[in-house]
């Protein structure tokens, strides 16, 4: 059965319909895929930092993480958000379990920036797949918070997109970034247009000209890295349309598929309705 890593962006968590959780449950129960959830928590972390008057800064879409910010990120993602997602899946009839990358040494982490500019931001060096597959084999849906640990026990905040990609790479899984938009959008000839496919060259061109910016940058870069290192398929799909997720799993074009390079038959765009 094909493994599927679903990255739930922090901005969509409060918007996801009940049907999304049921759709994931149906895919699991019908043995159409083995899903793994990785979630973010940006808006909730921002809100908590603001309420506590802790400085909040980002560089190229990555949160600068001081020790204080790390503690808040861990509290919000591992404590609050993880349990909310677990509850939603269990209400949908799915046996789910909240984990973070520290549990079972799941996400073995090193600093993402040796200069210290980003603080305690980590990147995944190794995934403990043996620990993770124990849950999958038991029929339990893992809900993973992107907090990792190094060999000295220091915790790190990991960008959710890069954490999801590392897990998908380690498992040779498909990877879907679940968003609150249909995919990567661009204005073409005065119309808001969904880009149904994007390859590496197009992505870097659109970053350079500002059409891809902010939090979308680490998302598309993570997708490219994953494809180059064992991820089978990757796309950005609208979680507010659960039918799109199911259609993508069944091989139908939905959202924006990320490619290393395009074949001649790839369709470039769909006009948004």
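In case you wondered, yes, glycine gets a Cβ from its N, Cα and C as well.
TrEMBL entries are annotated by machine, without manual review.
Taken verbatim from TrEMBL:
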- 3-238: domain 'Aspartate/glutamate/uridylate kinase' (DOMAIN)
- 7: site 'Transition state stabilizer' (SITE)
- 41, 42, 63, 157: substrate binding site (BINDING)
- 219: site 'Transition state stabilizer' (SITE)
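Each of the recorded positions 7, 63, 219 was scored by the other Cβ atoms within 10 Å of its Cβ; the lowest score goes to 63. Taking the centroid of the Cβ atoms of 41, 42, 63, 157 as the substrate site, the other same-chain residues with Cβ within 8 Å of it are 10, 40, 45, 65, 73, 77, 159, 160. Here the Cβ of residue 42 (substrate binding site) has 20 other Cβ atoms within 10 Å, regardless of which shown protein chain they belong to. Residues near residue 157 (substrate binding site) in space but far in sequence (CB under 8 A, at least 6 apart, same chain), listed by position: 63, 65, 69, 70, 73, 74, 120, 121, 122, 146, 147. The DSSP secondary structure for residue 7 (site 'Transition state stabilizer') is strand. On its own chain, residue 41 (substrate binding site) has 10, 13, 73, 76, 77, 80, 81, 145, 160 as residues at least 6 apart in sequence with a Cβ closer than 8 Å to its own Cβ.
Cα of residue 42 (substrate binding site) to Cα of residue 7 (site 'Transition state stabilizer'): a distance of 13 Å. The substrate-binding residues named in the record, 41, 42, 63, 157, extend over a maximum Cα to Cα distance of 12 Å.
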